[in-house]
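Comments concern the structure below.
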């Protein structure tokens, strides 16, 4: 390790000990190393003993900086790994850090654009509108049209910091996996690898721009969701230019109510938008926390969601969508047998899973949920309980389902914050039933025919020629098969002849050896010559 890496590692361990995070290790697995480090090397005590462990973990991650804050945010969605009191504290982590110098931001923007800002913009505000761990946002106007826009620029020199911390994370994950057998189930190395991929994706603003363009296209003209327009000609890997929007933050309940917003419709539309993204588009915004969601104030009776920051998105293939919809419908119909069978059929759990045991486990975990009124059941926690139970039966971590679960928890939490009486199931069930009908009913056949019709129309003129070629190739194949079979029969016949000649030759050689000391020397010589001759003939038969 380099001196810089050792210094950073020292700081990380120091912060962990100051916040008493060694308590996260099971007592029977607590080795002498943390105790020795605390007492003899650092002389550090837990300075926050009055705070609950989850609170201490959150404060420690905040002190360690942006890379660790975002790691904690990701871990808050993995409620299969942490108890609720820790996951709830991690969910409170805010990706807000002190802004960096606006002149540095301007320098990097001009570098990305290849020229001075005033070639494209006017009224550039050197003071940032918002600042986060990865990027910072400034406002300006387009020079040609006067349209208000925002410029999002990656923090300067952030990549070396991220690379250094990720390297340390990987080393620490390997140490934890090796030294703590109980931690291997949590797959710390795989968790860090998943986080690294997500974080590095956020460093390329071209990816976020492409996601925003796709999401905007999916909801073009929609009254339910608006996505600000990206200006791709001015965007690059380190700079994204997009339309500026004015809205009310979705968590600002007081302002929304003062504006006369229809809170019930707003909450229900959040659910509709989510399921539309998942099941209609197979492409969903996977970072729908309150900081990324605003409400259009212009028409409060018909409120419209505004989605920002499309850096993290999720996708589902058609099989996953179908199994997910069937799972949810079966669960709310309390058909646990079907839920278990669907998990096996989808490959989410191994095919040799005992379905009876799996059904019983699901029933034991999920049946108590129905003790509550249907409107109070948490859709997100339904998925959480299902996936946690499935993991006991060796369900592999499905990244796309983890993102889906996280997003559903966000949407459900926002919806019930806006309208506590929100019955998410009543809103979602008709959508799921209609979608399933379109997938497996007569309409599904019609849709499939419509989808494939252009392809078959293109291939129709070629069908006679393709049919003729197939028949000709089939005839040639039959002739070739006859030749191969005849060759096989000839080969077997030659092998049989060779074996016979070899046996006769061997017999004659043995007779020659027996007769060599007898009065019949000439007969012995004749047998020997004949035996060698038969051997040569058998060798020739094998060679053919």
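If you go along the chain as it appears here, the first residue is 1 and each next one adds 1.
The backbone N, Cα and C atoms fix where each Cβ goes, and this holds for glycine too.
What Swiss-Prot annotates here:
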type	residues	note
DOMAIN	123-501	domain 'Protein kinase'
BINDING	129, 130, 131, 132, 133, 134, 135, 136, 137, 152	ATP binding site
ACT_SITE	287	active site, proton acceptor
TRANSMEM	500-520	transmembrane segment
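Feature map: Swiss-Prot annotations on the structure.
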residue: 129; record: ATP binding site; DSSP class: coil
residue: 135; record: ATP binding site; DSSP class: strand
residue: 287; record: active site, proton acceptor; DSSP class: coil
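Around residue 287 (active site, proton acceptor), the same-chain residues six or more apart in sequence whose CB sits under 8 Å from its CB are 309, 310, 311, 312, 407, listed in sequence order.
The average pLDDT the prediction assigns to the domain 'Protein kinase' (123-501) is 83. Residue density at residue 135 (ATP binding site): 24 other Cβ atoms are found within 10 A of its Cβ, drawing on all protein chains shown. In the structure shown, the C-beta of 133 has more C-beta neighbours within 10 angstroms than that of any other entry among the binding-site residues 131, 133. By neighbour count, meaning other C-beta atoms within 10 Å, the densest spot among the binding-site residues 129, 137 is 137.
Taking the mean position of the Cβ atoms of 129, 130, 131, 132, 133, 134, 135, 136, 137, 152 as the ATP site, the remaining residues of that chain whose Cβ falls within 8 Å of it are 99, 128, 153, 155.
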